[in-house]
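Here is the structure we will look at, set down as structure tokens.
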Amino acid sequence: MIIARKKLQLQRLWRQRGCRVATYICLGVLVLFGFVYNSKGNSMSSIKSDSAAQQFDDLDDLTNKELPGGPDPNTIFRGSELGNYEPKEPEIPSNQPGEHGKPVPVTDEEGMAAGRAAEKEFGFNTYVSDMISMNRTIPDIRPEECKHWDYPEKLPTVSVVVVFHNEGWTPLLRTVHSVLLRSPPELIEQVVMVDDDSDKPHLKEKLDKYVTRFNGKVIVVRTEQREGLINARSIGAKHSTGEVVLFLDAHCEVNTNWLPPLLAPIKRNRKVMTVPVIDGIDSNSWEYRSVYGSPNAHHSGIFEWGLLYKETQITERETAHRKHNSQPFRSPTHAGGLFAINRLWFKELGYYDEGLQIWGGEQYELSFKIWQCGGGIVFVPCSHVGHVYRSHMPYSFGKFSGKPVISINMMRVVKTWMDDYSKYYLTREPQATNVNPGDISAQLALRDKLQCKSFKWYMENVAYDVLKSYPMLPPNDVWGEARNPATGKCLDRMGGIPGPMGATGCHGYGGNQLIRLNVQGQMAQGEWCLTANGIRIQANHCVKGTVNGFWSYDRKTKQIIHSQKRQCITVSESGSEVTLQTCTEDNERQKFVWKEFYQSS
């Protein structure tokens, strides 16, 4: 009865003209909406097709609340089969020294003298390098699994940017040769060599003539004045036409099948930056070897509060989603020298901050910017690149000589990206408090434009393992030069690690004489802690995860006291040695006056 009554009411309602008109209108709207939605879907499909044509999937890992840089389903492990980009034939060694990355010994006096002269001029032994083939073979020290990965057939093209200033001839050109020798030719758009105002004759007309053999694949761009590594890299990126810009230092050798593993994560998400494993090339013998010992030992990049680069084991959280030890993994930061990044993404990020000079701090500026602005950084175990570590810096900072360039750079990074966490940098580097970072308004505007996240978000979601090794620093109680008026000497770490603390003439430049003593009793110089070892004070690595100690400063007696030993730091009568002795208030060699030292820009 109820159903019949409802049916009769509906029939009466339908007979009313207004109701019928309203129904027809609703049906029409639904049909029109369906047509528009379908057209929009087709339009979106077209956009996706265009994106695919650019070789980027541009997937957003954050749709699943995942950080960018997770496992790539399009990179497939083939088990016992060789991967699709693995070389089919081994490289043929030359009959020159140094093949297979072996060291080249020099024992004659004339050769050793030539090596010393070369090292003084270039920071490494180019005398030995000149004996070695440009196309020498090097050992494949990748993890065994790396030989069995398939990468997408369509990978983005690459512009390799190599910046140099007064570089040695063969190390520079061996870098270029190795890239062209060990890369799929269809992926190398160009090699861009950026000459940062070199004045050595071999880097002028001779170099221009040499690169013509590469038939336009290698170009030389010259700066009009000394720009420094950071700005010169941005210049190189602006001259690049490849979809990805890949930066190498000017003294590298790339290893077997190094390139596809770097490109696959970028293809999946264009906002991911990739970093190869860096192997070592000895600056004297030119031996190629692993830095980490085992090829299966992987580390991610972190930092301590003075913004010194450190490495640590991969976190359990990051390991959990990796089925294979050879898969890429996320890293909070990177060492700065070697990496690949989508060219247009790099441009959106403003390249490097134009206010950063020469070198120093750029790896943090880029790392913080990438992570906080929606991108990610991954280390790639299957991509290996050898790098020569110089014995010393063989050239000056040019017009920036005498300026605290690195401190200025760091302050720009700190003030732009670290928010309230900047206080920990200034606790670690108090002398930089008054350093003027220059105008950072453009960087702050970029951060606002890109809607970048806070540094607190970065520390909690990306760099969460930093605090395990490097906790937030308590305030300094006293810091600066600790001068003993009786001798006129200042406490000095003396440079040895481990090594005893001494006392030397106060020079006013900070360095080994810039001591910090925090409110929890830890005394340190730079990243080194000063601890009691018998009656001596020893400089050594700080115990990771600690910020406390046994030191205190008595402002009344002016003594530096070790509470556990109940002894005071004492300068010897000769004024050079420092020991712990029984505290005596009238002992003038136990009194210290602290003078804070500030850098100026």
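For all residues, glycine too, the Cβ spot is worked out from N, Cα and C.
The disulfide entry in Swiss-Prot for Cys583 points, among Cys542, Cys568, to Cys568.
Same-site candidate for Mn(2+) binding, as annotated by Swiss-Prot with Asp249, His251, chosen from His100, His384, His387, His392: His387.
Reviewing Cys19, Cys373, Cys382, the cysteine that Swiss-Prot connects to Cys146 via a disulfide bond turns out to be Cys382. If you draw a 10 Å sphere around the CB of Cys146 (disulfide bond), it holds 24 other CB atoms from the protein chains shown.
Its Cβ taken as reference, Cys452 (disulfide bond) is surrounded by 21 other Cβ atoms within 10 Å in the chains shown. Ranked by CA distance from Cys568 (disulfide bond), the disulfide-bonded residues Cys146, Cys506, Cys529 have Cys529 at the top as the closest. According to DSSP, Cys146 (disulfide bond) is assigned to a helical segment. Working note on the disulfide-bonded residues Cys382, Cys542, Cys568: by count of other C-beta atoms within 10 Å of each C-beta, Cys382 ranks first. In terms of DSSP helix, strand and coil, the region 'Disordered' (61-108) has 7 helix, 2 strand, 39 coil. Reduced to three states, the DSSP call for Cys542 (disulfide bond) is coil. Between the C-alpha atoms of Cys382 (disulfide bond) and Cys373 (disulfide bond), the distance comes to 27 Å. In this structure, the CA atom of Cys506 (disulfide bond) is 25 Å away from the CA atom of Cys542 (disulfide bond).
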